[in-house]
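A.B. asks: I have a structure I would like to understand better, so I am pasting it below and will then ask my questions one at a time.
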Amino acid sequence: MLNIKWIRENKELFDEKLSQRFIEPMSSKIAMLDGKKRKITSLIQEFQHARKVKSKILGNMASKSGEEFEGLQRDVKHINEKLEALEQELNNNNELNELLNMFPNIPDEEVPYGMDESMNKLVRTYGETNPNALNKQHFELGIKLNLMDFEQTAKISGTRFVTLKGDLAKLERALINFMIDVHTKEWDFFEISPPVLVRDNAMYNAGQLPKFAEESFATTNGYRLIPTAEVSLVNMVADTIIPREKLPIRYVAYTPCFRSEAGSSGKDTRGMIRLHQFGKVELVSITTPEESTNEHEYITNASETILQKLNLPYRVMLLCTGDMGFAAKKTYDIEIWLPGQKQYREIASCSNCGDFQARRMKARYKEFGSNETTLVHTLNASGLPIGRTMVAILENYQNEDGSITIPDVLINYMGGLQKIIAYSE
């Protein structure tokens, strides 16, 4: 959520930043709604003060009867009625909060202006892409290996699901353990095993609700399946005040994730690129406003390390204003090279959300010896999605005979297995 005080004091800049997100100017409407809310709040405070004064006089009166006493009683009763009506009006006046809840985060000054991914800015590349490399797509390879099943799975769960078998299931498990080990041992992240069912308020805190309600799966009794472990991890500090010396806090978690893929009809209908259920290792950092820029580079580099150790070619893109996620003020996308598609595809998003999520969930910190609190900054990064990493390994490590060479760093995690070959039932 955006800071209403900042909007109040920076109307023109607010409208300019909204325009960078391709949203029409809204400062005038917000000023009107904010003024109305502040007027009601001011009246409530005045009546509360008047009630306090009159109640004190009543309490100090020697005689608890008579015209003066009864007149004061009537005044207090009238004030209570006014207060009840004003408080009801304030509670019913949700338009301002509803409007603020629909605004995305304000873009950082370094974010390039642009409408879509064509305007994203290349930051760096890693590894070489070979235009003459073997170029079967991952699902062709997986099906031929008899270790990736879409057909039978569709009978169980429908489309956009997959069943991995044998050594591909083992590769999935190996990647999870490898990624968690790298992030905990080399990058100082603390491992968490969080719930994957959360309440709506947790989704709201993370910026998933109300705007993206249709993109998650909801149960019939008030829970939602997480679209990313970011939801569970950032809420670890909801409604808390953290001592400054404990920051940064860095969490890593592997969880299954669930997305309805609303609006993705016709996109990536084959294979493992876009599934309703997928596994992902997620990174979350909680830090101070002064350190969040450096922490953004840190968390991005942690994600990149996984691909570097797997020797997979990738590039890092700085997203433009029109391509950034709702809660982010600045985002790097890491895109992996897929020979089967002959293009780079997103494998990770690494975002600095500033105090956007913290304001929603009241996550604060304070200096030692001080009573003053400040909103933390939250950051998140994919570290990485297991399925898309497997896709990249299958396509970049494929051999002429259809077998898959295991990357060196995964051999021990695979129990010494160096190559995945076709499974014969």
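Heads up, the Cβ atoms here are built off N, Cα and C, so glycines get one too.
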A.B. asks: From the candidates Glu282, Glu335, Glu425, give the one listed by Swiss-Prot for the same L-serine site as Thr228, Ala229, Glu230, Ser382.
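C.D. replies: When Swiss-Prot describes the L-serine site, the candidate it includes is Glu282.
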A.B. asks: For Glu282 (L-serine binding site), identify the closest of the binding-site residues Arg259, Ser260, Glu261, Ser349, judging by Cα separation.
C.D. replies: Ser349
A.B. asks: In the structure shown, which of the binding-site residues Thr228, Ser260, Ser349 has the fewest other Cβ atoms within 10 Å?
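C.D. replies: Least crowded of the binding-site residues Thr228, Ser260, Ser349, by Cβ count within 10 Å, is Ser260.
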A.B. asks: If one looks at the chain holding Glu230 (L-serine binding site), which residues at least 6 apart in sequence have a CB under 8 angstroms from its CB?
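C.D. replies: Non-local contacts for Glu230 (L-serine binding site): Ala206, Glu282, Val284, Asn380.
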A.B. asks: For the ATP site made of Arg259, Ser260, Glu261, Glu346, Ile347, Ala348, Ser349, how many Å separate the two farthest Cα atoms?
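C.D. replies: Taking every pair of listed residues, the largest Cα separation comes to 19 Å.
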A.B. asks: List the residues of the same chain that sit at least 6 positions away from Glu261 (ATP binding site) in sequence and have their Cβ under 8 Å from its Cβ, in sequence order, or write 'none'.
C.D. replies: Arg160, Glu215, Lys267, Arg274, His276
